[in-house]
Amino acid sequence: MHQILSKIESPADLSNLSNEQLEQLAAEIRDVLCSLVATRTAHFASNLGVVELSIALHRTFDFSRDRLIWDTGHQIYPHKLLTGRYDEFGTIRTTGGLMGYPNPAESDYDLFVTGHAGSSVSTMLGLRSGDDLQGEKDRHAVAVIGDGAFPSGIVFEALNNAGGMNANLLVVLNDNKMSICPRVGGVADYFDRLRMNPFYTGVKSEVLKILNHVPLLGDPTERLLAQCKEAVKAGLHGGMLFEELGFSYIGPIDGHNIGLLRKYMEMVKTLPGPVLLHVVTEKGHGYQPAAADPVFFHTPPAFIDDNGTVVPKKSGGAKAYTNYARDAIAEQMRKCDKVTVMTAAMCQGTKMEPVRDEFPHRFFDTGICESHAVAFAAGQAKTGLRPIVNIYSTFLQRSFDQIFQEVALQDLPVVFTMDRAGLTAADGPTHHGSYDIGYMRLFPNMIVMAPGDAEEVGEMLDFALLQDHPSAIRYPKANAETVERNRTPIGLGKAEVMSTGADGAVICYGAQLADAQRAVETLKSEGLNVGLINARFCKPIDRETIVGAVKTSPFVVTVEEGALMTGFGSAVLEACADEGVDASRVKRLGIPDTFIDHGEREERLAEIFLTAEGIAQVCREMAAKISSLHGDDSLTAGS
Ligand SMILES: Cc1ncc(C[n+]2csc(CCOP(=O)(O)OP(=O)(O)O)c2C)c(N)n1
Ligand SMILES: CC(=O)[C@@H](O)[C@H](O)COP(=O)(O)O
Ligand SMILES: [Mg+2]
């Protein structure tokens, strides 16, 4: 069925294909992408948009030697298909299968594992510099970056450096007018103005005429260069920003015309110094519903196309933590007009569209600029506003220094709602929110919390907005349950003792509370009486309750969906050490000191015992261990 694609074992197999055959190849790649999203959620619209660009790049350069980085990495699928991974492609984003991002463990054509936006130009400049210093100047260096990723501060740091070094570097700007949501900000407006360039609109045909006379191969470099210069001069009055930074700006050009892309790439391949090639593509190109609604089709749920009607395979389902957080934020914004909210280009993922629409003047999308978003929030807080920074745990890592200096050091009441805190399943190690407990609890003044169930999301936000200090609330990419109990109100640094047990205690920090409760119920039915504490706060930690439990319980199991190192369990051990309490009977469950692969969330959680059965099993083991230490089997389940 995929007559050409199925025979592509490496990009070298493209070398004899004509433009017509390459177009046929593009259609086959799109067919594979459409079949994939019928089975599972995957990055769809972005990949549809770069099919021709991927083909042209691999047809022009030799990335077995030249260097290629796809910024962010979510648009890597056509590249994977062209670099020998067609047969395995159906496994992408599943346990043990291909990663949904570049992965050097899969292929030498993938240089870095990436998933966070904005670093490609810096990394490519490093590769360029390394190759130059080691006598490998012939290796070309190409970074492809989207218009959504482009405004990240680090990109401008890299452009600045590359321009100063006059490095031979090609930056391909893939401009599809979209981030996940429509792109925002001054750089977006600038790109729009560049599209108005007569080169792209009016006189494009004139420039094309010149380029049509540039033979593709076997031409003396000088002639090619001379012609290129003319073409560049003829067409380029835009791109001054890049020109001023020392880049040659070329474009914009149609990113779905393989022949044209190849001509330009041949041309820029030999241009000296840093070059920015502006390529215009359509997100979702080739599948009309995706082109019409690229936001939904960024990572759509698995769906079937019924004669042009998109029918999701699953619909509805329980309400996620994200939705509870969104609703709580909206409620606070309705109650108080000092409350504002920031997203760093993740309005869709955090389900904030209704908030954006209801409060257009208090909703701020900074673009993919997390560090800026935090410093911006600090400024607002200083004026008396109550900003909520609503960013995924993993992306907030970008703001570590602003959390330190602009927020914590000034003791400003910025509230961080950290979504995707925990394992994020199919996206894998770049996206797991593993480290926020550590990087938040590190700073003086910071209040660090995790809701144990759905209701606590709103309660904690309410509490956080009443504090005159910075605070952070973390929750995972999961459905939120309600844990039935006599609820106690949130109090600063107070844990909630849900039950006590003579045989041991589970102390849960965050969303595993429902599983922990199921575990203690199972254990009870087996004759093991284990108490349950909902920690609520990692900082300030409830020393009285938690250290007290360690002192008095035969064993304690701490539970958190975060890195063990620096995490909640570590905070418990530190508190015990400070109080001179023996913590040798404390067992910590959480994310071990290793990067967790992509795969089903439930599977990954089960591997690290963060399920009801896992928690119960560890309690049984602890009970057995304690019994054997005491030469007594009274603590063993079932005895
Ligand atoms: C640091 C960081 N913040 C946020 C994201 C989430 N994210 C992934 S793709 C994307 C949009 C990227 O837009 P663009 O670069 O234009 O690529 P396109 O999807 O349009 O091809 C965003 C916001 C991320 N990957 N990294
Ligand atoms: C590439 C990227 O970072 C996002 O597209 C991410 O895959 C979204 O994940 P969610 O589906 O959890 O929002
Ligand atoms: Mg884009």
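Placement of Cβ uses the backbone N, Cα and C atoms for every residue, glycine included.
According to TrEMBL, G115, H116, A117, G148, A149, N176, Y287, E370 bind thiamine diphosphate; the candidate from H58, H74, H79 that the record adds to this site is H74. Cβ-based crowding with a 10 Å cutoff singles out H74 as the top-ranked of the binding-site residues H74, H116.
Geometry remark: E370 (thiamine diphosphate binding site) versus D147 (Mg(2+) binding site), CA distance 16 Å. Of all the binding-site residues listed (D147, E370), E370 sits in the most crowded Cβ setting, with the most other Cβ atoms within 10 Å.
Neighbours of N176 (thiamine diphosphate binding site), defined as other CB atoms within 10 A of its CB across all chains, total 25.
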